[in-house]
């Protein structure tokens, strides 16, 4: 194979796996993981890549998909727990731990079902908006407005933190500033539409909005700090920076709006597509429900309140737990809700959500590989974690 052709399995950097060659006809692809020619898709890292099994995507491992053990282990457990509570409820015939797990599954599903279904519909709507139009809100790199727009872009994309990570690495390759990439990453992990609606059901609208506002402030401040560190030479800048090309957002959306079918059957298909695209989110949601059920069943409430209560020691223990536990952002939401409701510590819940993304070793290693800089990767927790702890402490003081 000639040097100017890259395999879709190339490991040069995470960003390379999403190169622009995905827009070429499949017949021209000769990579090591190329099977029979397939229809190209607009992006290999977004929801479009998983919309159907027939879509070619360099992010997919092979034509033969691996069995999703998390989904098919945790989902039946949640279903059995929900149905078990409906059938037997709280009875003395069941062990206390089993009754607690049944009740937790019932309570969590009742709190989240409407958010999941609503989010699936809106994810389908979002999938009809051109990716280029969404990305146009990033703005010019290095400016306060550009960082703010990158923060909003991270808020708009409905992907888990690992999906957002792939998109962020692509943005770095396309020339986004370090500050924009960081703001995009920090604002995104649990602020997706799906998880926002789920959190409303778990902790209420007021606290959910406060969490979102605080996370956006942290994302903007962190992005600004990273760009200033690059300006002063403390951190290396992005060598891929190019001239900013603004795209009119609303005209692009309106033009694409007319191309879609809005009849009931098409809307139903759109909803089903949104549900399938949210599978990566749902697998971690049900995992989080199972984890919360286990915590409630085997950790006494008084011990939980002491260990992870609204105190500085509880806040630091929460930080330690979220650093050690590699849980996708979707799985952390039910656990954060348990910290909020049972431990009575809203700041700990916020810390669990935010610090989990900031200390995620997957993100840190991907940043190191893409930017080829350990300093940039390690500055992610160094810049964000102190802000998260400070705001978490304020929330604990104000909420108790």
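Every residue, even glycine, has its Cβ placed from backbone N, Cα and C.
Of the candidate ranges 35-53, 92-110, 111-129, TrEMBL annotates residues 111-129 with the feature transmembrane segment. Segment annotation: TrEMBL labels transmembrane segment over residues 150-172 (candidates 12-34, 150-172). Only pairs six or more apart in sequence are counted, and the transmembrane segment (345-364) with the transmembrane segment (281-299) gives fewer than three Cβ pairs under 8 Å, not enough to call it a contact. Annotation: stretch 281-299 has the most Cβ pairs under 8 Å to the transmembrane segment (69-91), among 207-226, 281-299, 376-395. Under 8 Å from some Cβ of the transmembrane segment (306-325) lie the Cβ atoms of residues 332, 339, 343-348, 351-352, 355-356, 359, 385, 388-389, 392-393, 396-397, 399-400, all in the same chain and six or more residues away from its ends.
The list of residues near the transmembrane segment (376-395) in space but at least 6 beyond its ends in sequence, with Cβ under 8 angstroms from a Cβ of it, reads 178, 182, 185-186, 210, 214, 217-218, 221-222, 225-226, 229, 235-236, 312, 315, 318-319, 346-348, 350-351, 354-355, 358-359, 363-365, 367-368.
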